[in-house]
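**Student:** Please read through the structure below; I'll follow up with questions.
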Amino acid sequence: MNQVKQKLKGFMQHKEAWAVIGILIVLLFNVFFSPKFFQISFNNGHLYGSIIDVLNRGSSLVIVSLGMCLVIATRGVDISVGSVSAVGAMVAVFLLKSAGMAAAPAILCGLLAGLACGVWNGFLVAKLNIQPMIATLILMTVGRGIAQIISGGQILTINSKAYAFLGRGYVFGIPFPTIIMILVTLGVWLLTRKTSLGTSIEAVGINETSARYAGISTTQILWIVYIICGLLAALSGMIESANVSSADGNNNGLLLELDAILAVVLGGTSMDGGKFYLAGTVIGALFIQTLTTTIYTFGVPAETIMVVKALVVIFVVLLSTDRVKNAFAKLTERKKAGVENAG
Amino acid sequence: MKKNHWLTALIGIIAMLFLVAGCGSNSSASGSSKGGKVTLGFSQLGAESQWRTANTKSVQSAAKKNKKINMKFSDAQQKQENQISAIRNFIQQGVDVIAVAPVVETGWETVLKEAKDANIPVILVDRMIKGKNVDDLYSAWIGSDFTKEGRKAGDWLATYMKKQNKASEKLNIAYLQGTTGASAQVGRTKGFAEVAKTHSNWDIIEKQSGNFTREEGKEVMEAFMKSSGDKINVLVSENDDMTMGAIQAIQEAGKTPGKDITIISFDATNDGLQAILDGKMNADIECNPMSGNDVMKTAIALKEGKKVQKKVYVHESLFDIDNAKKNMPRPY
C-alpha cells in the first residue's frame with residue numbers, strides 16, 4: 001500500500017503528470033457517457049475509431065507544439081505559428097494548382113516558406129533583440145495577408161492524390177499524419193536530448209546573459225529554435241490542408257498559436273523558459289485533441305463548445321498550480337500522519 | 001530636407017487641383033440626370049470570396065445594360081473606413097441613390113444620417129446593419145432570404161422521400177451548422193427546423209457547428225460517423241465548403257455519400273453542383289449573388305419617387321440531379 005502511495009507521489013512530482021491526468025479525466029468521461037469512443041475497428045484497410053481520430057487530427061497540433069515548446073524554453077513565444085501554417089499550406093497548394101508542380105517539390109517549397117518565416121522571426125528576436133511576442137506578432141498579421149495575396153483572396157482546391165496522402169494517407173493501416181508526428185517527435189527528441197542543443201536552449205531560457213558568458217552562442221540558439229518552429233508550423237499547415245485538399249488563407253491554422261501554447265504549458269514547461277518537457281507537450285496536445293473529439297462525439301451544442309472547453313482547461317490548469325499541488329501534498333501528508341497516529 | 005518639403009507641398013497642391021477638377025466633372029455628370037439617367041453610387045465591401053466577385057460582376061453588368069443607370073463603383077477592400085469615405089464622396093458628388101454592401105453590421109449611423117440629410121436614398125445590399133434607429137436610415141434592403149433557403153431544404157427532403165415511397169420512414173438527420181450567430185446560419189437553421197417540426201418521423205440526432213470551413217466540417221462529420229454513423233440517413237450542411245469536408249469523412253468511414261446518406265447543402269457553388277453530378281450530393285440550395293438587376297430596379301424606382309419594398313429578396317433556385325448540368329458552370 002505504502003509502495004503504491006510512494007509511486008503515486010513520485011508520479012505527481014513529474015511535470016507531465018497533469019497533462020496525463022487531464023487526458024485520463026476526459027477518457028474516463030467517455031467510459032461512462034460514450035463507450036463507443038474506445039471502439040477500434042479495421043475499416044477499408046485502415047484503423048478506424050475515435051481514438052484513431054485523436055491520433056490523426058491531433059498530429060498537426062503535436063507537431064506545432066513541439067516547435068513552440070523549444071521557443072518557450074528560451075523564454076520566448078511564437079504567436080505566428082497559425083499564420084505560418086497557412087502560408088506553408090498556401091504555397092504548396094498554389095504551386096500544385098497553378099504551377100503544375102509535383103507533390104514532393106511543392107511540399108518542399110511549403111517547408112521552405114516555413115523556414116523563411118522562421119528565419120525572419122529569428123532575425124527579429126535574436127539579432128534585433130525585439131521582444132518575441134511583438135516580433136512574431138508581425139508575421140501573425142502579415143502571414144495571412146501573404147497567403148491571401150498568393151491565392152488572390154480565394155480558397156484554393158486541388159485534386160492531387162499524392163498531396164492528399166500527406167493528410168489522409170495510411171501506411172499499414174496507420175494514418176500517415178500520425179507517422180509523421182512520431183517521426184518529428186523522435187527527431188526533435190534526438191536533436192535536443194542527444195546533442196548539447198537541449199541544454200543550450202535551457203541555458204538561454206534560464207539566463208541569457210550567463211549563458212553567453214558560459215560560451216553559448218545565444219544568437220545562434222535563438223535563431224535555431226525559431227527556424228525549427230517555423231518549419232514545423234508549415235509542415236502542420238500542409239498536413240491540415242492536405243486532409244481536405246484545399247488551402248484557405250483566412251481559416252487555416254486559425255488560433256493554432258493558442259492551442260500550441262496551451263499544450264506546452266499543460267505539458268509542464270513554464271512560460272518563464274528553462275527546462276522543457278517534450279513528452280509533456282505531446283501529451284498536452286493530445287489532451288486538447290481528445291477534448292475536441294470528445295465534445296464533437298458526445299454532441300455538446302455548438303453555442304456552448306467554447307465554454308465547455310474553457311472550463312475543462314481551467315480545471316486542469318488550476319490542478320497544476322503550485323498552491324493546489326501544495327494543498328494536495330499537505331492532504332496526503334496529514335492522512336499519512338493520521339494513519340501513523342492510529343497505528 | 002527643405003527642398004523635399006516644398007516638393008511634397010507642390011505635389012499636394014497638384015493633387016488637390018485634380019480632386020477639385022474631378023469633383024467638377026462629376027457634378028456635371030450628375031447634372032446629366034436631367035436626361036433621365038439615375039446616378040448610382042455603389043460601395044462594394046471588397047472581393048473576399050468568389051461569391052462576392054460574382055456579386056460585383058452582376059452589379060456592374062446590370063448597370064452597364066441598364067440605359068437609365070450611370071453607376072460609380074467603389075471597392076472598399078474589406079475596410080469600413082473606406083466605405084464610409086466612399087459614401088461621403090458620393091454625397092458630395094450629389095449622386096441620386098447610394099447602394100452599400102456593408103462590410104460590418106455596426107457603425108453606420110453617422111454617415112447614413114449625412115446621406116439622409118442630403119436627401120439621398122440608401123439601398124443596402126446582401127448584409128443588414130444594426131444600431132439605434134437604423135431602420136429609418138435606409139430605403140430598401142436587397143438580399144437572400146436565409147430562412148426561406150432553410151425551408152426549401154426541408155421541403156425538398158420531404159418531396160424526395162415521398163418520391164421513393166419512404167415518406168413515413170424514420171429519418172435520422174445529422175446537421176452541420178455554420179458559424180454560430182452568422183445570419184446565414186441563424187436563418188437556415190430556423191427555416192429547416194420549421195419544416196422538420198412538421199414531420200414527426202424526422203429526428204435531428206446530431207447538430208454541431210463546422211464554422212463554414214472544410215476542415216471543421218470534416219472533423220465534425222468524422223465525430224458524427226463515430227457516434228452514430230450507422231443511424232444517419234440524411235446530412236444537412238449549411239454551406240458547400242463544410243459539405244465537401246463531410247463527404248470525405250463519410251467516404252473514409254466506408255459509406256457512400258449521396259446514397260447511404262442523402263446530402264443537402266447550401267450556396268450552390270461550382271464544386272457543389274459538380275458533387276451533385278458525381279452523385280455525392282443530392283440537393284444544393286442557391287444563395288444567389290446576382291442581385292444586380294434588383295439593385296438597378298430599386299434605384300430607378302427610388303429616384304422616380306415610387307414606393308419600394310423595404311425588403312427585396314433575390315430569386316433563388318434549388319439544384320438537384322435534374323437541373324444541375326444545365327446550370328454549370330456556376331459563376332462562383
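Quick reminder: no glycine exception, Cβ is built from N, Cα and C everywhere.
According to TrEMBL:
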{"type": "TRANSMEM", "residues": "A:17-34", "note": "transmembrane segment"}
{"type": "TRANSMEM", "residues": "A:54-72", "note": "transmembrane segment"}
{"type": "TRANSMEM", "residues": "A:79-96", "note": "transmembrane segment"}
{"type": "TRANSMEM", "residues": "A:102-125", "note": "transmembrane segment"}
{"type": "TRANSMEM", "residues": "A:137-158", "note": "transmembrane segment"}
{"type": "TRANSMEM", "residues": "A:170-191", "note": "transmembrane segment"}
{"type": "TRANSMEM", "residues": "A:221-239", "note": "transmembrane segment"}
{"type": "TRANSMEM", "residues": "A:251-269", "note": "transmembrane segment"}
{"type": "TRANSMEM", "residues": "A:276-298", "note": "transmembrane segment"}
{"type": "TRANSMEM", "residues": "A:304-321", "note": "transmembrane segment"}
**Student:** Have the transmembrane segment (A:304-321) and the transmembrane segment (A:17-34) got at least three CB pairs under 8 Å, pairs 6 or more apart in sequence?
**Tutor:** yes
**Student:** Is the transmembrane segment (A:17-34) packed against any residues at least 6 beyond its ends, judged by a Cβ distance under 8 Å, and which are they?
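**Tutor:** Hits for the transmembrane segment (A:17-34): 11, 50, 266-268, 280, 283-284, 286-287, 290-291, 294, 297-298, 312, 316, 319-320.
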**Student:** Considering only Cβ pairs within less than 8 angstroms, which of the stretches A:54-72, A:79-96, A:221-239, A:276-298 has the most against the transmembrane segment (A:170-191)?
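**Tutor:** Answer, by Cβ pair count: A:54-72.
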